[in-house]
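*Asks:* Just passing along the structure, written as structure tokens.
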Amino acid sequence: GGGPFYPVPTGRRDSLVYYPQIALMELPAPTDDLSVILSKFLLRNFNKQETVSLLGAHSIGAVHCNFFTDPISLVPDVSFNCSKNSADPSIEHEFLNTMIIRCQNYSAFIDLEKDGVPEMGFGMHYYQGLIQNKSVIRSDQQMMSEERIATWVRAYASNNFLFIKDFSNAMIKLSNNGVLTGPFHGEIRVNCSSTL
């Protein structure tokens with residue numbers, strides 16, 4: 001990925017109880033509109049700029065084809081369970097065709113580092129793709145339709161140093177969000193990948 005280095009305090013306490021319904025309700029979902037995502041981050045005291053910088057993490061990873069069947073359902077002979085004529089007209093045509101081929105031919109996933117992006121790895125190419133109307137996730141592409149948000153997209157697309165700085169600061173803030181304190185609240189996990 002080649003992402004930035006930023007310091008994260010260790011020894012964070014985690015809850016002893018898992019609340020899946022609350023997590024599903026409060027965490028942004030791939031199907032959420034941008035307005036919902038911004039609202040969910042705002043509830044955690046993240047402004048629009050910080051949210052736009054955090055969404056830059058979408059420059060790496062993978063997206064399941066099910067999460068963007070609506071935008072590509074316009075194309076004939078695409079066997080997805082969604083209504084026809086619902087394609088997002090803002091998506092660049094050739095990019096749209098590439099995504100359809102990827103999903104139909106060999107994979108249930110779009111690899112954000114390999115499929116339809118100008119370059120691989122973590123970085124500002126994610127924002128450059130948004131400007132070119134090449135976004136896999138609908139809520140990402142919606143950033144270009146709101147001028148105050150699009151201003152940050154353009155800034156990060158042209159200045160990788162600014163993006164890395166803002167992303168790092170937002171990630172540090174995110175790691176300090178809602179930390180439990182005191183010996184009787186939660187636990188410090190020895191094995192972070194273990195389940196409750």
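Every residue, even glycine, has its Cβ placed from backbone N, Cα and C.
Curation plays no part in TrEMBL annotations; they are all automatic predictions.
Heads up, here are the entries from TrEMBL:
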- 1-196: domain 'Plant heme peroxidase family profile' (DOMAIN)
- Pro28: substrate binding site (BINDING)
- His58: heme b binding site (BINDING)
- Cys65-Cys103: disulfide bond (DISULFID)
- Asp115: Ca(2+) binding site (BINDING)
*Asks:* Would you report the average pLDDT that the model assigns to the domain 'Plant heme peroxidase family profile' (1-196)?
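*Replies:* For the domain 'Plant heme peroxidase family profile' (1-196), the model's average pLDDT rounds to 79.
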*Asks:* Whole-number Å only: compute the distance from the Cα of Pro28 (substrate binding site) to the Cα of His58 (heme b binding site).
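*Replies:* Cα of Pro28 (substrate binding site) to Cα of His58 (heme b binding site) measures 13 Å after rounding.
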*Asks:* From the Cα of Cys65 (disulfide bond) across to the Cα of the residue listed as 'heme b binding site', what is the distance in angstrom?
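*Replies:* That comes out at 15 Å between the alpha carbons.
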*Asks:* Give me the count of other Cβ atoms within 10 A of the Cβ belonging to His58 (heme b binding site).
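*Replies:* A count of 19.
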*Asks:* Could you tally the C-beta atoms, other than its own, that fall within 10 angstroms of the C-beta of Cys103 (disulfide bond)?
*Replies:* 21
